[in-house]
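Below is one structure, written out as structure tokens; the observations come after it.
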Amino acid sequence: AVQLVFTDAEKAEFKFGFKSKDGDNSITAKELGEFLESAGKSFSEEQLAQMISDVDTDKSGTIEFSEMLMGIAEKMMKWTWKKSHFQKAFDDMDKDGNGVLSPEELHLAMSTRIEPPMSKEAIDAIIAKADCDGDGKINRKEFVKLIKSS
């Protein structure tokens, strides 16, 4: 289960980074832009307005601290959901349950679950690309990295 309640320490850490220039405890698109620029990121006014709109539940045109916490929680939920789906897909392919996908397991999955089935050469190329530790198999970390890169 995903924990949507932040500890007091987490809230304090978030609050430290959540600073409004005028001290009103809300951040405008302009303040958000200035903060992001100080971190080396640059966005257009339209992009900043969209970022504000995405988490501005009271439609005030600014982000309050509580809205920022909810926005972070929502992103964490989405990430956790994706991660759990990656894990399920990996577990479905890992027939012997040893925590790595062998070439045989990957070939079985890619030749029976995908239309048209992938060739052995294409699957070998995927393994070569994803196999960071050179053991000829794909572990969970390599699998997630492969999925995210495709």
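Yeah, the Cβs are placed from backbone N, Cα and C, and that goes for glycine too.
Among the candidates GLU104, GLU105, the residue that Swiss-Prot annotates alongside ASP94, ASP96, ASN98 as binding Ca(2+) 3 is GLU105. Distances between the Cα of ASN98 (Ca(2+) 3 binding site) and those of the binding-site residues THR28, GLU67, GLU142 are shortest for GLU142. Only THR62, from the binding-site residues THR62, ASP96, ASP135, place their Cα within 10 Å of the Cα belonging to SER26 (Ca(2+) 1 binding site). Look at THR28 (Ca(2+) 1 binding site): DSSP puts it in coil.
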